[in-house]
Amino acid sequence: MSTGTLYDKVWELHRVAELPGGQTQLFIGLHLIHEVTSPQAFAMLDERGLGVRHPERTVATVDHIVPTTDQGRPLADPLAEAMFSALEKNCADHGLRLYGLDSGQQGIVHVIAPELGLSQPGMTVACGDSHTSTHGAFGAIAFGIGTTQVRDVLASQSLAMDKLKVRRVSIHGSLAPGVFAKDVALHVIRRLGVKSGVGYAYEFAGSCIAAMAMEERMTLCNMAIEAGARCGYVNPDQVCFDYLRNRPYAPTGASWQRAVTWWRSLASDGDAVYDDEVAMDAGEIVPTVTWGITPGQAMAVDEVVPTPDQLPPGERPLAQEAYRYMDLQPGQPIAGTPVDVCFIGSCTNGRLSDLRDAALVAKGRHVADGMKAFVVPGSQQVARAAEAEGLDVVFAQAGFEWRRPGCSMCLAMNPDRLEGRQISASSSNRNFKGRQGSSAGRTLLMSPAMVAAAAVSGVVTDVRTMLRTAKNTETEPVE
Amino acid sequence: MTTAPITMVEGKAIALPGHDIDTDRIIPARFLKSISFAGLGNHVFADDRAAAGGDHPFDRPEHQGARILVVNRNFGCGSSREHAPRSLQRWGIAAVIGESFAEIFASNCLALGMPCLRGETGTVEDIQQLVQEQPGVHFCLTLEAPTLRGLDRHWPLTMENGPQTMLLNGCWDATGLLLSHDDRLRRTALQLPYLNDFALSN
């Protein structure tokens with residue numbers, strides 16, 4: 001059993017009671033809600049005549065169903081409008097803060113909570129969305145929950161939980177140019193497998209993680225759930241404090257210093273005990289692409305699609321299913337695979353640094369003939385910051401559409417979706433069958449820079465070759 | 001709020017072989033566009049069933065009315081959507097046996113009073129084979145000393161202690177229990193630095 005880890009400390013601080021059956025009642029410090037998984041929870045509260053216990057600890061936004069083109073109200077899709085209206089009514093009825101479309105702060109819930117300074121070290125964070133693990137980047141214990149649990153948090157600000165084991169995933173060394181946090185995430189999932197994290201919290205540690213900016217850590221923690229780990233986290237450090245300082249909900253004045261002192265004390269102790277430990281070398285990570293129908297079916301961009309005999313026997317049936325669904329042959333290179341749609345955005349990779357990385361590739365180039373390519377900033381704040389430095393113009397000149405914030409084609413609960421058997425290069429998090437809105441649609445997950453590279457070349461491309469070219473053109477502009 | 005104890009589930013079983021079956025496949029996102037859970041049962045595995053052209057286990061006549069779903073590893077991975085177990089439940093599933101379950105899926109099942117029981121690989125594959133060969137077999141699944149029985153045979157299963165106790169005692173609907181600890185909730189909030197020294201301004 002783990003001791004002295006951040007997970008243990010935060011768990012202990014939030015422990016309300018031991019429940020019959022052995023579960024723990026855990027206090028939830030920050031509750032985030034959105035329009036998809038909350039309406040039924042409010043209905044359940046109403047049925048029982050219950051109110052919201054800590055309305056000041058629940059924050060709402062609208063992200064999954066909003067169109068990324070015309071966001072005028074009422075929304076064109078009556079089902080989407082009904083969900084949005086229900087969220088507005090529920091928030092008004094219960095006195096909850098809602099960052100709606102006219103707030104200037106709306107966006108994907110896992111993008112706006114960090115940028116508002118809501119997500120902080122030492123908190124327990126819950127949201128009816130599996131990618132809540134994102135907030136672990138701040139040294140929070142953050143995890144996704146279902147709708148009945150959303151009801152429980154609204155009613156009691158707590159949840160019945162089983163304590164997880166803790167696995168430290170250490171990544172040492174530095175990343176080569178053209179290799180991004182997304183590649184680290186896909187590499188970890190490929191190495192450990194999509195079920196490895198079931199029953200575990202993942203602590204990401206090592207010099208590679210220490211050198212990462214907060215947005216990179218968010219990308220990595222976001223994908224912890226794709227390894228099966230309900231939460232992933234990074235110990236809070238100066239990088240984290242510098243990010244939080246002066247954010248709207250960050251502590252100020254004398255309480256800032258008290259906060260930093262407390263936050264530092266939460267980091268895992270030097271002699272902490274872990275249930276398991278694994279280590280990887282950052283130097284062996286290269287641009288990574290998925291070839292199959294789970295995020296673990298990933299490969300280096302310069303490898304060939306694995307053949308069944310290269311895989312453990314237990315993984316072969318799923319591989320056969322993936323070859324058929326993806327229409328890829330074992331042994332064929334992934335580089336050069338034609339792509340129909342390129343999507344840059346999502347709670348995994350829709351932040352300013354992601355857009356900068358992609359823009360560096362797009363600049364001075366143009367999307368391939370017949371390619372549909374679009375960029376969806378993760379929030380209104382990301383959109384403003386990107387526009388302030390001209391990224392929207394870079395993308396537009398390169399033939400990418402510049403959209404309004406939302407979850408977009410990550411999960412296709414809005415007009416952005418694949419059609420028929422289209423294949424996408426996507427900076428999102430899931431390549432499941434049908435995930436992007438067409439029951440035959442195919443998804444290749446990769447970093448935003450790799451998506452941009454695929455967009456301009458029309459095929460899956462090793463972005464490292466383009467970054468070298470981009471550097472040359474920077475010193476000697478083509479235009 | 002007390003809920004009924006769940007000690008056993010009886011009925012036919014349905015096998016759905018395959019690892020890593022995610023919640024997008026159990027209920028595609030387009031069916032989440034609603035402010036209620038009504039009608040979900042019609043859409044469980046909608047895309048897989050359409051692709052199978054009527055030959056999906058959930059469409060085969062011999063499996064209609066089945067109550068026990070038998071799956072393999074990491075069932076219910078991916079999205080946290082409670083719509084997934086809800087759609088299974090509304091189709092008629094009352095318990096799931098598998099080699100392993102994704103974390104959030106299992107806790108969503110518990111919240112609905114739908115037991116998730118684990119079996120060794122060989123055990124699960126054995127049950128799946130039997131169900132495929134003799135779909136009409138009537139099974140009895142007991143939660144105390146978790147076991148599946150049918151055709152004069154029995155298969156040992158396991159369950160986490162917490163969910164097992166909560167289901168057997170009928171306290172799997174947690175809200176009432178959580179609210180009963182009013183004082184302790186107050187005390188916990190009072191000792192959390194971020195709620196006191198530097199609480200969120202409202």
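A Cβ is built for glycine as well, from the same backbone N, Cα and C atoms used for every other residue.
Curation plays no part in TrEMBL annotations; they are all automatic predictions.
Since we're looking at a predicted model, the values are computed, not measured.
In TrEMBL this protein carries:
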type    : residues               : note
BINDING : A:C347, A:C407, A:C410 : [4Fe-4S] cluster binding site
Original post:
Counting only residues 6+ apart in the same chain, whose Cβ is under 8 Å from the Cβ of A:C410 ([4Fe-4S] cluster binding site)?
Top reply: A:F343, A:G345, A:S346, A:C347, A:T348, A:S426, A:S428, A:N429, A:R430, A:R435, A:Q436
Subject >> For A:C407 ([4Fe-4S] cluster binding site): intrachain residues, at least 6 apart, with Cβ closer than 8 Å >> reply: A:D63, A:H64, A:V66, A:I108, A:S346, A:C347, A:M413, A:N414
Subject >> Where A:C407 ([4Fe-4S] cluster binding site) sits in the secondary structure, as DSSP reduces it to three classes >> reply: coil
**OP:** For the recorded [4Fe-4S] cluster site, whose residues are A:C347, A:C407, A:C410, find every other residue on that chain with a C-beta no more than 8 angstroms from the centre of their C-beta atoms, and list them by sequence position.
**Re:** A:D63, A:H64, A:I108, A:H110, A:H131, A:G345, A:S346, A:T348, A:G350, A:G406, A:S408, A:L411, A:S428, A:N429
Subject >> All-chain count of other Cβ atoms within 10 Å of A:C347 ([4Fe-4S] cluster binding site) >> reply: 26
